[in-house]
Amino acid sequence: MNIVELFKDSLTYPTKNWNRLLILGVLVILSAIFYVLEAVLNTAGLSVIQSIGLNIVIIISAILALVLGFIISGYEVSIIRKTIENSVSEIPAFEWVNNIVDGIKVLILHIVYYIIPVAVILVLAFVLNIFGSLAIISANIIENNGIITLSDAFLASFGASILGILIVAIILFIIFSILLIVAIARLAETNSLGKASNFIEVFKKISQIGWGNFIVWLIGLILISIVIGIIMSFIMIIPIVGVIIAYLFFVPYTIIFSSRAIGLIYNESKE
C-alpha cells in the first residue's frame, strides 16, 4: 500500500462505525471535564473543613481522569492491533479492562523511551554547570534588587550552553518520539512490553518499513493532523456548542485516524 492509499484508508476508517467514534468522543469529553474540574478545584481557596471535602473531590476527579486516559490510550492500541492483524478490519469494540491495561503499558513505554533523553539532558546540564550558573544568576539578582550585574562573557557562555542543550533536547525528543510510535505498534502486535522496549528491534522495524517511506508518512500524518486541528479551532470559536462538537467528533476522529495510520505503516514492515 502506497502512502496516498494508506492515508485515504485512514481518513475514511473512522466513519465505519459512528457509534464507537461517538463513545470515544464521550470518553474524551468526560476526561477533559475531570481534568478541568481538578484544575479549578486546586485553585479554590477554602477553609480547612471545606478543604477536606475538596481534596476528596480532587482525588476522585484525578483518578477518573487517569482511568479515562488509560482507556483512550488503550483503545488506540486496540485499533493498531486490529489493523496489524487484519488491514480490512472494522473499528474494534471497547474492551474496558483490556483497554485500561494497554493504556498503562503505553504509559510505561513513554517512561522507558523518554527517560533516556531526559537523563542525557540532565547529565549534559551537569557537565556544563547549568545548575551552578543558575544559582549564581539567582543570587546576583537578589543581591542587586532584580538587576543582573554579571559579566557579558559569563552570560554569553551561559546562553550558549542553554542553546546547545535545547538543540540536543529537541533532536533527542524527536528521535525517541519516532521510536515510540513504532514501539507502541510493536506492543500492539506482540502484547509484550519487553519486545516493545527493545530499541534494536524497533530500529529494525523502521528499516524494514524504509526510513524514507516512514519519514514521508510521518510528515503526512503531521500535516493532516494540523489541518484537522485548524478546522477544529475554527469550530471551537462557536461558544459551548463548538467545543462540544470538536471534542465529540474531531478529537476521536483524529485518534482513530492516527491509530489506523500507525497500524498500516507498521504493516509495511511485513512486506
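Any Cβ shown, glycine's included, is placed from N, Cα and C.
Copied over from TrEMBL, here are the features:
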{"type": "TRANSMEM", "residues": "21-40", "note": "transmembrane segment"}
{"type": "TRANSMEM", "residues": "52-72", "note": "transmembrane segment"}
{"type": "TRANSMEM", "residues": "111-142", "note": "transmembrane segment"}
{"type": "TRANSMEM", "residues": "162-185", "note": "transmembrane segment"}
{"type": "TRANSMEM", "residues": "214-238", "note": "transmembrane segment"}
{"type": "TRANSMEM", "residues": "244-266", "note": "transmembrane segment"}
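The listed stretches are 21-40, 111-142, 162-185; of these, 21-40 has the most Cβ pairs under 8 Å to the transmembrane segment (244-266).
The list of residues near the transmembrane segment (21-40) in space but at least 6 beyond its ends in sequence, with Cβ under 8 angstroms from a Cβ of it, reads 14-15, 57-58, 61-62, 64-65, 68-69, 71-72, 75, 91, 94, 244, 247-249, 251-253, 255-256. Counting only same-chain residues 6+ beyond the ends of the transmembrane segment (162-185), those with a CB under 8 A from a CB of the stretch are 76-77, 80, 84, 106, 109-110, 113-114, 116-117, 120-121, 124-125, 128, 130, 196-197, 199, 202-203, 205-206, 214, 218, 262-263, 266.
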